[in-house]
Amino acid sequence: MEWVWALVLLAALGGGSAERDCRVSSFRVKENFDKARFSGLWYAIAKKDPEGLFLQDNIIAEFSVDEKGHMSATAKGRVRLLSNWEVCADMVGTFTDTEDPAKFKMKYWGVASFLQRGNDDHWIIDTDYDTFALQYSCRLQNLDGTCADSYSFVFSRDPNGLSPETRRLVRQRQEELCLERQYRWIEHNGYCQSRPSRNSL
């Protein structure tokens, strides 16, 4: 009987040592990230929100790379202002390379002056370029190196979403970011494609 308790104790010790490392510096990103393959149209199908005003749904982003290899992006999505005023907002972003090809500094701003602007880390956690991408940004770190204010997008080339197999892979990577069950699905109903110009910013 003693050996049974010994096995239980070993299992408990093993489980404790296998705890996730939620420090931002420990997060894996896409190896050998290729900006050119990543360029093009992406539909945001799920997101983890940061603090503050943020695009809510119908979010479409288009990434491009110029002849000098610099990446930029434009995005459009629905945002709610003053509780009941819904508009389609345009955002612009430029990216500065770092030593890691999957980690960028992203300077972004809204075409309308009251929309958010900033200069955030922008990491590509994973992508296969053809179907899905998982992006992550940490705006503020705690003293222990974990993230105090983050946001993350799940992108798809198809507005209808991802296959079950790809969703399982994305969920695994979300867990590695310590963000499981913190995402919400994003609706795509053509809202920003059907709005008159007076409802756009």
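Note that Cβ sites are derived from N, Cα and C of the backbone, with glycine treated the same way.
Reviewing C22, C88, the cysteine that Swiss-Prot connects to C192 via a disulfide bond turns out to be C88. Within the set C22, C138, the cysteine that Swiss-Prot bonds to C178 via a disulfide is C22.
From R139, R181, the position flagged in Swiss-Prot as omega-N-methylarginine is R139. Following the DSSP three-state reduction, the secondary structure of C192 (disulfide bond) is helix. Note on proximity: of the recorded positions C22, C88, Q116, C147, C192, the one nearest R139 (omega-N-methylarginine) is C147, by Cα distance. The sparsest Cβ neighbourhood within 10 Å, among the listed disulfide-bonded residues (C22, C88, C138), is found at C22. Counting only the Cα atoms, the space from C178 (disulfide bond) to C147 (disulfide bond) is about 10 angstrom.
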